[in-house]
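See below for the structure under consideration.
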């Protein structure tokens, strides 16, 4: 029989423990939310989409399906875009049966949307396995696989204009349309309020994007200011472009080192061992698909993406003539919107939840990857294969890129955001889109004048 005093003391301790659980749980939830928002860097722009869009199947169904079947269900049906996978066999059938090129192009373009989302999901899964530094590089490599593959096929078929337009369109879409929509819809949810904004990752991305714009402008200006002959001028422009590509790559990987290694504490909270929910999610994912399986699926998805990208590149001009839409408009406006639909939707959803820092990570991170990683890699590949390519994106395209980066920089210059800032970015994108649509008449007018 315990003394009354000890029993009273025991009950008092139990009550204090129960009372203390609620504040500690609230603090833990708040820290988890901050950690999720702070974990975004430009090197991991595509990972959050894959993390948030998970399989809706129950654990019981997964156990009943078994190993390979469970992986098939997880990878193909684990996204809300899974109905669009039906466009993949339709594209193959349209190509095999020699149907209209418009159908091949349309089905291929639609099929790229779920493939891009699944590639992001698989690369994020692998990145979580190999560690933060290697994972950041992995996400940087796989985050824009569709754009990279389309660019490589355009390079192989010597369609330089389509190559440059598709890459430019991805940058413009992320900076103006997606970021603008995120600020717009997130601001409407918080109408009448100014929300705080973390500028640290935005400053890094904007600095890299401005460096990329400088390289493009330098190449453009050098082509028109040189007094030497055409062949000498072309050689000088090519040398300048290749030098700039090397500088851009060094700067990009330097930014990765800055964010993932030397100054990592600035961009994300310190990891602790209390991340129980994350470890539970990881355990669930590992029980369905492991590292080796994820690599196999990633390679398979990349192969299918390459096939559809080949269809898009080979049919885009004929589809343009059939639809009466300029190739430049399709390459700059339509391709990026459809190809990155899942990633774009994720950015807007996070803005709805007042997680604008994650939206910044998605949009600015993807734009930075295209500008400072994909573009110079494509140029170096063309250099190795003796294919002439430079950083001159033409006057209108370079001007649009410069204005997009400058407009975004001014929009994010303070630590507040509201819907009007998003509205300005969206309107800027609409003006550029209309410009590329109506400019189709200029070549015809010039020929008639001659």
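Note that Cβ sites are derived from N, Cα and C of the backbone, with glycine treated the same way.
Relative to the membrane, residue 72 and residue 419 are recorded by Swiss-Prot on the same side. As stated in Swiss-Prot, the feature transmembrane segment covers range 332-352 out of the listed 311-331, 332-352. Within the listed segments 71-106, 107-142, 143-178, Swiss-Prot records region 'Cation selection' for the stretch 143-178.
Range annotated as transmembrane segment by Swiss-Prot, chosen from 34-54, 202-222: 202-222. Of the listed segments 8-28, 386-406, Swiss-Prot assigns transmembrane segment to 386-406. Just going by CB pairs under 8 A, the stretch in 171-191, 332-352, 361-381 that sits most against the transmembrane segment (240-260) is 361-381. Residues of the topological domain 'Cytoplasmic' (353-360) grouped by DSSP class, helix first, strand second and coil last, total 5 helix, 0 strand, 3 coil.
Helix, strand and coil counts under DSSP for the topological domain 'Cytoplasmic' (407-424) come to 11 helix, 2 strand, 5 coil.
With a cut-off of 8 Å on Cβ pairs spaced 6 or more residues apart, the transmembrane segment (102-122) and the transmembrane segment (386-406) reach fewer than 3 such pairs and are scored as not touching.
Away from its own ends, the topological domain 'Cytoplasmic' (407-424) comes close to residues 175-176, 179-188, 190-191, 193-199, 202, 206, 209-210, 356, 360, 364 of its chain (Cβ-Cβ under 8 Å, at least six residues beyond either end).
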